[in-house]
Amino acid sequence: MRFVEVVLVEPEKHVVALADAYFFPPFQPSLLPRTKGGPVIPSKLPPRQARLVVYNKRSNETSIWIVELSEVHAATRGGHHRGKVISSKVVADVQPPMDAVEYAECEAVVKDFPPFREAMKKRGIEDMDLVMVDPWCVGYHSDADAPSRRLAKPLIFCRTESDCPMENGYARPVEGIYVLVDMQNMVVVEFEDRKLVPLPPADPLRNYTPGETRGGVDRSDVKPLQIIQPEGPSFRVNGYFVEWQKWNFRIGFTPREGLVIYSVAYIDGSRGRRSVAHRLSFVEMVVPYGDPNDPHYRKNAFDAGEDGLGKNAHSLKKGCDCLGYIKYFDAHFTNFTGGVETIENCVCLHEEDHGMLWKHQDWRTGLAEVRRSRRLTVSFVCTVANYEYGFFWHFYQDGKIEAEVKLTGILSLGALQPGEIRKYGTTIAPGLYAPVHQHFFVARMDMAVDCKPGETFNQVVEVDVKVEEPGKNNVHNNAFYAEEKLLRSEMQAMRDCNPLSARHWIIRNTRTVNRTGQLTGYKLVPGSNCLPLAGSEAKFLRRAAFLKHNLWVTPYARDEMYPGGEFPNQNPRVGEGLATWVNQNRSLEETDIVLWYVFGVTHIPRLEDWPVMPVEHIGFRLMPHGFFNCSPAVDVPPSTCDLDLKDNGVTGKPIQNGLLAKL
């Protein structure tokens, strides 16, 4: 038995909300359901259960187990207690995600395969310690990829120096070698040396360690920058429960999603604890490449469903990944063989200065009011082969929530024949090119805007800005207005971004109003975005039909968690997951709303993206819309400014002119 995933069986949504109202501060009797005998007080938390995805290496079967953890049902010889199996079932015709143990075994098997060693010898490589074998899932392109076999098609790279552990091996891709590995039995089942493409020459700029790029000279004119909080942070942490400013929420972590934010709420004066969202996470990401040549056409990674964002997370270091006064959270996993592994300092919680929150100066009096913005950031970073992805949730003082993904790391490259140029990428060094590709991320937002425990009073409204038709209502031809459209059903709620109309969406509570009598809500404001640049019959869209729209809306269903289905690896079924669920066309008029926001970036590599790819930011915002009676920014106290500009730092002379002189 191989343990692919072990996670908590999360209690029902209304049970969690009820526990939040009673067990976590501030206690609010008004949130508890009432009967004739008074409020319903929960006497205990729900039982703890675990959900296991288990792969039987001998039979090639995948099964799902539910195990009761709360009660002691038996004792082992060591005196430890074990739970009780509630259920187990075999899931037919699927392959679960790959594991790092399998990747290491696959690399060893390929490097020990005599025909492979001979093929590398033709390319001038006899030292197998130089060779890097990155096992990639095969995806699903034909019946040959059916899940009856557990398969991988590795990509091959080669370093130039065996004694340099930090050398960038991705600088030398090995093209022309086709390998198919049976991951169940760990044997090479197909091998072909199809085309002899010379290894790219050693690029003097290929490495990324200090002092090894740009002729061996690093910048030396950067003064130290320190983030100091002498009185400590403004947040409070009790276990995994976080309080900051008027926000509170809980932090969780799963092997597949990585960071999960639970029970997001805002403490709003006399109105008390107001719910915003039940559960926020990134549930899938897909990286399709735009080069039709082998092997790049099959590079369509599902990094969450085929690998696991959480399992690929790594330890963060103070003063490097995060700055300031930091609270770290460890992540614990059950590994492939059933043991426990811990990623120390996996999740980072810290405050950040974020520039100006609000300012106004009265030109008549010269008096000014300004509020400085601060945000609380919760983040983790994972490495999937060559790429790094940072996932961030930012909470702001004015009630905003921002989701951000930072893409960095190293490009996935291809080798070129001498004199060859391909139109499907950028030549970044002699014999080396970077294919065009896209990165798509799916955020699942289980909303509960202004809902008390058990309430399902949310709806989604689409807002477009329209230009008024010329006529008596628009005699000057300058008029435009915002038009709202209620998304009544799942099929109607398959929507795309439209920057030409400033399109956004509002999640409203249908029973709660603000001081002007308008329904309270939060609006989803898209950032930069794109859609797949692929034909409708592209093979990867069989498994990723959810990429066809930027927004999907469904009513909450406990088992609808992953937009490509639970097992996208080698999945032969068309449109499984989100694209299938919405065919039920369930009503969204007043229900428990789940938003699925799909956002992406099209990456046309630049020369400056080599040897490393600088961070690229994409994301979106959830902003209060009529949620508060007035802007929470009013409550933010003025900040002190310790600015002292006596010298411009360049000429040694005082600054005499303009605004800086006044400061």
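Any Cβ shown, glycine's included, is placed from N, Cα and C.
Across the domain 'Copper amine oxidase N3-terminal' (96-199), DSSP assigns 30 helix, 26 strand, 48 coil. The domain 'Copper amine oxidase N3-terminal' annotation in TrEMBL covers 96-199.
Annotated domain 'Copper amine oxidase catalytic' per TrEMBL: 225-633, in sequence order.
Under a cutoff of 8 A between CB atoms, and with a sequence separation of 6+ in the same chain, the neighbours of D303 (active site, proton acceptor) are M285, V286, V287, L309, N312, V384, Y389. Look at TrEMBL and you will find D303 tagged as active site, proton acceptor.
Its Cβ placed at the centre, Y387 (active site, schiff-base intermediate with substrate) has 19 other Cβ atoms within 10 Å. The active site, schiff-base intermediate with substrate annotation in TrEMBL covers Y387.
The 2',4',5'-topaquinone annotation in TrEMBL covers Y387.
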